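**Student:** One structure coming up, written as structure tokens, with questions to follow.
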Amino acid sequence: MVKSTTKDAQDLFHSLRSTYVATPTNLKIIDLYVCFAVFTALIQVAYMALVGSFPFNSFLSGVLSCIGTAVLAVCLRIQVNKENKEFKDLAPERAFADFVLCNLVLHLVIINFLG
Amino acid sequence: MAALESPQPAATATAMRHAFGNVLSVLILVLIGVLAFSIRLFSVIKYESVIHEFDPYFNYRVTQFLSKNGIYEFWNWFDDRTWYPLGRVIGGTVYPGLTLTAGTIWWVLNSLNIPLSVETVCVFTAPVFSAFASWATYLLTKEVKGSGAGLAAAVLLAMVPSYISRSVAGSYDNEAVAIFALIFTFYLYIKTLNTGSLFYATLNALAYFYMVCSWGGYTFIINLIPMHVLLCIVTGRYSPRLYIAYAPLVVLGTLLAALVPVVGFNAVLTSEHFASFLVFIIIHVVALVYYIKGILTPKMFKVAVTLVVSIGMVVCFIVVAILVALVASSPTGGWSGRSLSLLDPTYASKYIPIIASVSEHQPPTWPSYFMDINVLAFLVPAGIIACFSPLSDSSSFVVLYIVMSVYFSGVMVRLMLVLAPAACIMSGIALSQAFDVFTGSIKYQLGGSSKSTDDAEDTSNAPKDDASAGKTDKGEEIVKERSSKKGKKKEREPADKPSVKSKAKKKALVLPLETSVVALLLLIMLGAFYVIHCVWAAAEAYSAPSIVLTSQSRDGLHVFDDFRESYAWLSHNTDVDDKVASWWDYGYQTTAMANRTVIVDNNTWNNTHIATVGTAMSSPEKAAWEIFNSLDVKYVLVVFGGLIGYPSDDINKFLWMVRIGGGVFPHIKEADYLRDGQYRIDSEATPTMLNCLMYKLSYYRFVETDGKAYDRVRRTEIGKKHFKLTHFEEVFTSHHWMVRIYKLKPAKNRIRGRAKKLKSKTTSSGWSSKSAKKNPWV
């Protein structure tokens, strides 16, 4: 039972890996960016746990900026992905422009809130 | 376009029709805006351009400060003329949206050399924004069902009495701009959901920011949208567009909400926002699941699911346990008092008498639904059914919106205002669909032949086979809806949608000609009744400024301008630094119009301070004098309606003074003031009641008016008619005795005669409300 579960887990891992390797490079770059952003957010949370949460607005703006840009990158990935039928007539340049605009607004707010 | 015999003329004909329809829509929208603006002007015509009620006076004062001193001073303003001696941090406790909007409009107009005063701008802000709100309703309903429904919904919202009641010219309150912000935010959310564009998601977040700036009711948005997302996920309508519509809104929205000082860190710490975070996590999990499902084979996916579910359940359980422990550790479960009183309608009356005492916070009665949304109450269910006929993301949203708003409007009558746009949208959809069916039937009957296979009459947009058919159908739908606007334009060239090929599978839903005509006429009459009611409600019921009262009698119109008379007296006959004590209702007006420092005002943020004033009003003269003297009060203001029959005076509010005061100071016992469970001021009243300050200040010298001291509100002669005031002196009574102002007599320099005997006499005699305890104020 356990053996089959481990074998299943390995099979799963392999199939996930093989499918992921097949995705286009630009999507993989976006994924890397998302992972980086989330990782930065986790580091900030760990730091906050160590030294306390004052000033809270700085902590909040730091974490939310990381999470925000990660979310926006995921949205960009959704819109740029060729396999998404819903977005096939959306030019990738337009998607990127929207991404930049939203990030601009996000970081404007962050800088204001950073304190 | 469709496969036509002669493409050229027919195509231009369709294009012409579209252009004509667009122009007509714009014209109708302009007219709707003018209608929305002008129906709110009754109070300006009947009375004058004046700010109404109580809360608007505070907003007006803040706007005056903003226009005089600029935005930095406003942001950092500490107001020391209210809640004396505590003061109030205006910058951090006010929702700045309204004042900033009006201030900006005033500044722009003045820089264009249009010299409107601040008061004029404030008075007319609400009608202007109600015109914007109707246009926003048009946009929102157009996204849900099409432009015909949009126009119907817009015209309904322009006139709905519930919205008029809070946005007449002069009602300068938060809701004036907040309802526009609410509808506009919902429109942008639906637009993002329908198009999946990140640009609209950004705009959505900014509109949400404007809503947070404007009104405490923004929590409705930040709970309704997650609920809708959850509903979509649960009913299997998850799509990438849903993710794009929701996830950026949460992050950006929380940040923007935290920017507003009055919300601050509550945006992440209070339970009102937890729903959005929870659904944020859920949508990420769902998105991940869909992604993995997409890249794995079904067999492997099943394996993944079993593996993940077992591990995930454990982790989830731990996290949820931690969360529950955290939330349960706070006494209210993290919710604020106001939100709790919404969720549990009995909460306020048990724990927070101040919230329970505000008349706007009572549950509405059944007639008030008919008064406030009139005919829409019947059309809403039809609209709900029409929303299901093809159920899309946007129509499920409006259905959820109306259900939630009906629940909340049932809890608090003030929230009928949130119900109004939802009811208008639903009714607009229902009306538009009804007109569709009837005009289509008429057209079919008159058009005769079976050529046009009348999917036009088909009220449900049945799934189209091919794209071209779909496009033609859409064009036809648009033409039909445009042609169904209020039954006009029936002479639209009949559907030369020839060969509209493999249309709907469903057979035509055609009604007989006479039925359709009669039904159309009845619908138009329904609309006429609605219009008549709305205009009547606006003119008679909701246009009273309540700072000026009028009454019709045999000898003509009487105008009671006592409030402004007394505030003017105060501002001319007292020192700038004098403190005025009154019940909290009149605080805003006193600071704005009389420009004097008050002890408590309508913000009601400090229950103990209000209880102090309440205790003073319920205590006998000497104790009250002590309390007021400790607060540096110079004048006491009392509103009395007994001479003219004005029912909202302080004696009628007295029970709240006793309750709130008794809630904090236990020596005030409500039972001392009740005879047989009732508050009475006639000869049957309790001695405590007859000796309390409120009774004395209201009825001092009242017997001189008609010799019998008959109180027209309580409809009885008062109990104690002849008495003198020992610690107060009357300085002003307004023309109709509505406002009475008393001055505290200064403390005596020396106590005449035997001081020791006097002191022991006062401590032992003690009025029944005052125990032998030492006065806590000395």
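Glycine residues also receive a Cβ, built from the backbone N, Cα and C atoms like all the rest.
Whatever TrEMBL says is automated annotation, not expert-curated.
So TrEMBL lists these for the protein:
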COMPBIAS  B:463-499  compositional bias 'Basic and acidic residues'
COMPBIAS  B:761-770  compositional bias 'Low complexity'
DOMAIN    B:23-426  domain 'Oligosaccharyl transferase STT3 N-terminal'
DOMAIN    B:577-636  domain 'STT3/PglB/AglB core'
REGION    B:448-500  region 'Disordered'
REGION    B:753-778  region 'Disordered'
TRANSMEM  B:20-39  transmembrane segment
TRANSMEM  B:89-109  transmembrane segment
TRANSMEM  B:121-140  transmembrane segment
TRANSMEM  B:146-164  transmembrane segment
TRANSMEM  B:176-201  transmembrane segment
TRANSMEM  B:207-231  transmembrane segment
TRANSMEM  B:243-268  transmembrane segment
TRANSMEM  B:274-292  transmembrane segment
TRANSMEM  B:304-328  transmembrane segment
TRANSMEM  B:369-388  transmembrane segment
TRANSMEM  B:395-413  transmembrane segment
TRANSMEM  B:509-532  transmembrane segment
**Student:** Let me check one thing: do the transmembrane segment (B:146-164) and the transmembrane segment (B:274-292) come into contact, meaning three or more Cβ pairs under 8 Å with sequence separation of at least 6?
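**Tutor:** These two stretches do not touch.
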**Student:** What else in the chain is close to the transmembrane segment (B:395-413), if you only count residues 6 or more beyond its ends and a Cβ gap under 8 Å?
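**Tutor:** Those are 144-145, 186, 189-190, 193, 220, 224, 227-228, 231-232, 235, 237, 341-342, 345, 360-364, 368-369, 380, 384, 387-388, 419, 422-423, 425-426, 429, in sequence order.
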**Student:** Under 8 Å, at least three CB pairs between the transmembrane segment (B:121-140) and the transmembrane segment (B:509-532) (pairs 6 or more apart)?
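**Tutor:** Between the transmembrane segment (B:121-140) and the transmembrane segment (B:509-532), contact is absent.
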**Student:** Cβ under 8 Å, sequence separation of at least 6 from the ends of the transmembrane segment (B:20-39): give me the contacting residues as numbers and ranges.
**Tutor:** 127-128, 130-135, 138, 147, 151, 154-155, 157-159, 164, 478-479, 482, 485, 489, 534-535, 538
**Student:** Averaged over the domain 'STT3/PglB/AglB core' (B:577-636), what pLDDT does the predicted model reach?
**Tutor:** 91
**Student:** Below 8 angstroms Cβ to Cβ, which residues of this chain, lying six or more residues outside the transmembrane segment (B:274-292), approach it?
**Tutor:** 222-223, 225-227, 229-230, 233, 238, 240, 242-243, 246-247, 250, 253-254, 301, 304, 327, 334
**Student:** What are the DSSP helix/strand/coil residue counts across the domain 'STT3/PglB/AglB core' (B:577-636)?
**Tutor:** 33 helix, 10 strand, 17 coil
**Student:** Residue list, the transmembrane segment (B:369-388) vs rest of chain: Cβ under 8 Å, 6 or more residues beyond ends.
**Tutor:** 144-145, 156, 160-162, 165, 395-396, 398-399, 402, 409, 416, 419-420, 423-431, 433-434, 459, 526-527, 529-530, 533-534, 537, 541
**Student:** Taking residues 6+ outside the transmembrane segment (B:89-109), which of them lie with a CB under 8 Å of any CB in it?
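**Tutor:** Residues 59, 62-63, 65-67, 71, 74-79, 115-116, 118, 121-122, 125, 129, 172-174, 176-178, 181, 210-216, 260-262, 264, 603, 605.
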